[in-house]
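Undergrad: First the structure, which I've put down as structure tokens, then a few questions once you've had a look.
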């Protein structure tokens, strides 16, 4: 009876983990840096292509290791230049990765889970429930796939991916260890060399893990707020029943204090018609955030079938924004991108749609918005 050896996937190993791996097979630690550059800088998954590695070591690696990212199921490009990849992970589920170009900046929105357990009422991802956590290789693999698609070398002036946001499918803090490992690779010069200021983790408010985050990594933090009081947030973001606003904001303040350098929290606020878009909500928000240095990103709701919510009018959004501006806040309104390929914020559901169905979906969305189309007020890419 023969037994097959489970190969180590090198794609998700951080530098210390890679060095430990080479130690364990009797090789010098500097090999870790060589192999990491081939994997992350040049997108190589074939050990024979690693020409500065000896043939003997290449043969050894082929027997015990692999470089395996998620399977690309589809890649779509929006009319506005936004790209969306649907990738299949080991659990069999599909997740989505979105690239948003804007001038010299290219932001990659990365998923951390297949599905999501938090069940935010306005988010299409939450409607499908939780399926699985992604491995570190599956999280960083989304960056690897996108980078290979562009043929871009990280840490160069003309690289395609300048920013990464953990704002795709799932709650990153509920897949803590794998997300931390992937973010370290994003920032490592042997990985993707992205500045800590340009890597952002977005959370709905898992308070104990926000406190834990500061012990492990230094990245920008965004809070999915969406409501200015506990009663409303309990309805929109059910985890608020466990970690109410006072507790949540105090944890964010503690985290931001560890960063220093005058960095501020980003507040994300999805605007829902007649639910949280009134001036009195803005007034409540001003009072709520008075002790929290922050910038505010208003996100007009992106419709999806059977959501039960609508996007507010242009005037309602402007009134809300003006109220916050008058209180001294830096407020932007996010421009919807990738709507024709279901890549807009809140629309990620991990499904593969054929072109006819996607076209029908886009027409329906345009009709929903035609009566009161929102012009570009400002653009914020975190």
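Cβ atoms are placed via backbone N, Cα and C, with glycine included.
Take a look at what Swiss-Prot says about it:
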ACT_SITE  96  active site, proton acceptor
ACT_SITE  345  active site, S-methylcysteine intermediate
BINDING   116, 120, 123  [4Fe-4S] cluster binding site
BINDING   170, 171, 202, 224, 225, 226, 302  S-adenosyl-L-methionine binding site
DISULFID  109-345  disulfide bond
DOMAIN    102-342  domain 'Radical SAM core'
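In the displayed structure, how are the listed features positioned relative to their neighbours?
TA: In the three-state DSSP reading, residue 96 (active site, proton acceptor) counts as strand.
If you draw a 10 Å sphere around the CB of residue 116 ([4Fe-4S] cluster binding site), it holds 25 other CB atoms from the protein chains shown.
Neighbour count (other Cβ atoms within 10 Å of the Cβ, all protein chains): 21 for residue 202 (S-adenosyl-L-methionine binding site).
In the three-state DSSP scheme, residue 109 (disulfide bond) is classed as strand.
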Undergrad: To the nearest Å, how far is the Cα of residue 302 (S-adenosyl-L-methionine binding site) from the Cα of residue 123 ([4Fe-4S] cluster binding site)?
TA: 9
Undergrad: Find, among the binding-site residues listed as 120, 171, 224, 225, the one whose Cβ has the highest number of other Cβ atoms within 10 Å in the structure shown.
TA: 225
Undergrad: Looking only at C-alpha atoms, tell me how far residue 96 (active site, proton acceptor) is from residue 123 ([4Fe-4S] cluster binding site), rounded to the nearest Å.
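TA: The Cα atom of residue 96 (active site, proton acceptor) is 14 Å away from the Cα atom of residue 123 ([4Fe-4S] cluster binding site).
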Undergrad: Just to verify a number: CA distance, residue 226 (S-adenosyl-L-methionine binding site) to residue 120 ([4Fe-4S] cluster binding site), in angstrom, no decimals.
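TA: Each residue's Cα considered, residue 226 (S-adenosyl-L-methionine binding site) and residue 120 ([4Fe-4S] cluster binding site) end up 10 Å apart.
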Undergrad: Just the number: how many Å between the Cα atoms of residue 109 (disulfide bond) and residue 120 ([4Fe-4S] cluster binding site)?
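TA: Rounded to the nearest whole number, the Cα-Cα distance is 19 Å.
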